[in-house]
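Copied from Swiss-Prot, the annotated features are:
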- 56, 60, 123: Fe cation binding site (BINDING)
């Protein structure tokens, strides 16, 4: 296959083993700032996916809560394939700390009693949420914490 512009299109999705957290890209700005993008893969590509209401609530919960654990977050976004998220951090290069930040954020999800910004003023599809679904996805990922640094099958 020809090399593509999008990093994830060059990843052989048949060779990865979810769940995992991998460095997906690094960009250096003109003034020396470095942004690292991480692939937080919750589900095995082309085998399973997160259902939208749970994924949507997980996005809200993670996007809000991750910023309580680091001030380096540029963005946290869901993947269109519904198998994971991307998180981008600026001037932060400690992979183990990234794993700890994600773990703490997902523990916040489990402790949540509501989905932040789950209303028509703050959300573009407020009817599509599931706190319970988000908690199930988070718990499943946390249960496999020891696998997060293993991206490919051996």
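Each Cβ is built from the backbone N, Cα and C atoms, and glycine gets one as well.
Computed from a predicted structure; not experimentally measured.
Listed in chain order, the residues near the Fe cation site other than 56, 60, 123 are 57, 59, 115, 117, 118, 125, 126, 128, 129, each with its Cβ within 8 Å of the site Cβ centroid. Other Cβ atoms within 10 Å of the Cβ of residue 123 (Fe cation binding site) number 16 in total over all chains.
For the recorded site, residue 56 (Fe cation binding site), the DSSP three-state label reads helix.
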